Amino acid sequence: MSALRSVAGLLQRWLLPARPAGLYDRQLVVLALALMAVGLVIVASASIPEGIAINNDPFMFVKRHGLFLVMALGISWFVLQVPMARWQHYNGPMLVLAILMLVLVLLVGRSVNGSIRWLPLGPFNLQPAEFGKLALFVYLAGYLVRRQSEVRERFIGFMKPMAVLFVVAILLLAQPDLGSVVVMFVTSLGMLFLAGARLGQFIGLILVGVSAVVTLVIAEPYRMRRVTSFLDPWADPFGSGYQLTQSLMAFGRGSWFGEGLGNSIQKMEYLPEAHTDFVFAILGEELGYAGVLGALFLIFALSFKALKLGHQALVAERLYEGYLAIGIGIWFSFQTFVNVGAASGMMPTKGLTLPLVSYGGSSLIIMMVAVSMLVRIDFELRQASAQARVREVS
């Protein structure tokens, strides 16, 4: 018990340190870079067979992933220079741009596996849904500041952002992309609840949302197959349950400490999407449950610090920054829950990436932009606190 208390104390001191005099929270940066490093290593291992099969180049995907990392870091550096007041001021145009991109992808987008989710930009493919997530949360944080009393006191104030979400959801479902819709819905509900929306409205919308998801699943045979295969994948291990059974076999082979980095069998064309949606299964096979717990701790710590930062911003009466930071924390944690749940058989597959780990340029860049926003929020809070102390002294 004393050892457990020591570990708990160590984690508490690391996750909840006294705010240092530095310019920003270095732990946020370290956590994000650590996740990106884990992703680079696992993508490099998981994508080798796919790269050979497509282009006879075992490092095809890891070279692209490395380029995405460089782009993500470069764009993040630019985002760090942008004051949060700018994001608050331009949240409306940002959402309009996201909606226009979602319309454009339906008109000229690239179809992959029956889904039209990508805009071809030369050698790159842009996924507007990823930008749409961030744009919606940036807009919703601004709305909650502008209409806080209306959200709390009037039903129409609660429903206006839900109407915006409905428009975005219709465009996403036309691709189709139910996974992104679910992430947006859950994150938006969390932000509205923390802004003081009435519990009855909140519960009613949850029931409507669950009913809508059930209807969408029943209406599409491929979604119904995903649900039935999730409930009993071994009933059709070479058909609808194939991907999940292969993923479960990867976790089983990994056991506690894994087969060793690069020694995965399931990535050898057995497990589809091994370097994207199911990269977590390959991580489990090669690094075992120890590696799984390590990766989950990094994501948990990043999400926890985002939520804690949001709380600090709300206490400091910086409402926009507080709502946005909390939204980012909910987004990261829920998307991780869905991705890990799909890979481990706890949830139907949704086609969502593991934050900062899975292969995918759009997801990686947008999530690093979100992390940069968190760092900027922390910087501005520290700056305001330092200025307040100077005024007190003078």
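The backbone N, Cα and C atoms fix where each Cβ goes, glycine too.
Per Swiss-Prot, these features apply:
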- 1-27: topological domain 'Cytoplasmic' (TOPO_DOM)
- 49-64: topological domain 'Periplasmic' (TOPO_DOM)
- 110-123: topological domain 'Periplasmic' (TOPO_DOM)
- 145-154: topological domain 'Cytoplasmic' (TOPO_DOM)
- 220-279: topological domain 'Periplasmic' (TOPO_DOM)
- 301-322: topological domain 'Cytoplasmic' (TOPO_DOM)
- 344-354: topological domain 'Periplasmic' (TOPO_DOM)
- 376-394: topological domain 'Cytoplasmic' (TOPO_DOM)
- 28-48: transmembrane segment (TRANSMEM)
- 65-85: transmembrane segment (TRANSMEM)
- 89-109: transmembrane segment (TRANSMEM)
- 124-144: transmembrane segment (TRANSMEM)
- 155-175: transmembrane segment (TRANSMEM)
- 177-197: transmembrane segment (TRANSMEM)
- 199-219: transmembrane segment (TRANSMEM)
- 280-300: transmembrane segment (TRANSMEM)
- 323-343: transmembrane segment (TRANSMEM)
- 355-375: transmembrane segment (TRANSMEM)
Residues in the topological domain 'Cytoplasmic' (301-322) grouped by DSSP into helix, strand and remaining coil: 19 helix, 0 strand, 3 coil
CB contact flag for the transmembrane segment (199-219) and the transmembrane segment (155-175), at least three pairs under 8 A: yes
Cβ contacts the transmembrane segment (177-197)/the transmembrane segment (65-85), at least three under 8 Å, sequence gap 6 or more: no
Stretch with greatest number of CB pairs under 8 Å, the transmembrane segment (355-375) reference, 65-85, 124-144, 155-175, 280-300, 323-343 candidates: 65-85
Mean of pLDDT values spanning the topological domain 'Cytoplasmic' (145-154): 81
Residues from the same chain, set at least six apart from the ends of the topological domain 'Cytoplasmic' (145-154), whose C-beta lies under 8 A from its own: 88, 160, 192, 195-198, 319-320, 323
Same-chain residue ranges lying at least 6 outside the topological domain 'Periplasmic' (49-64) that approach it to Cβ under 8 Å: 40, 43, 267-269, 274-275, 359, 361
For the topological domain 'Cytoplasmic' (301-322), distant same-chain residues with Cβ under 8 A (at least six beyond the ends): 15-16, 25, 27-28, 31-32, 35, 84, 87-88, 141-142, 144-145, 148, 328-330, 332-333, 336, 355, 371, 374, 377-378, 380-381, 384-385
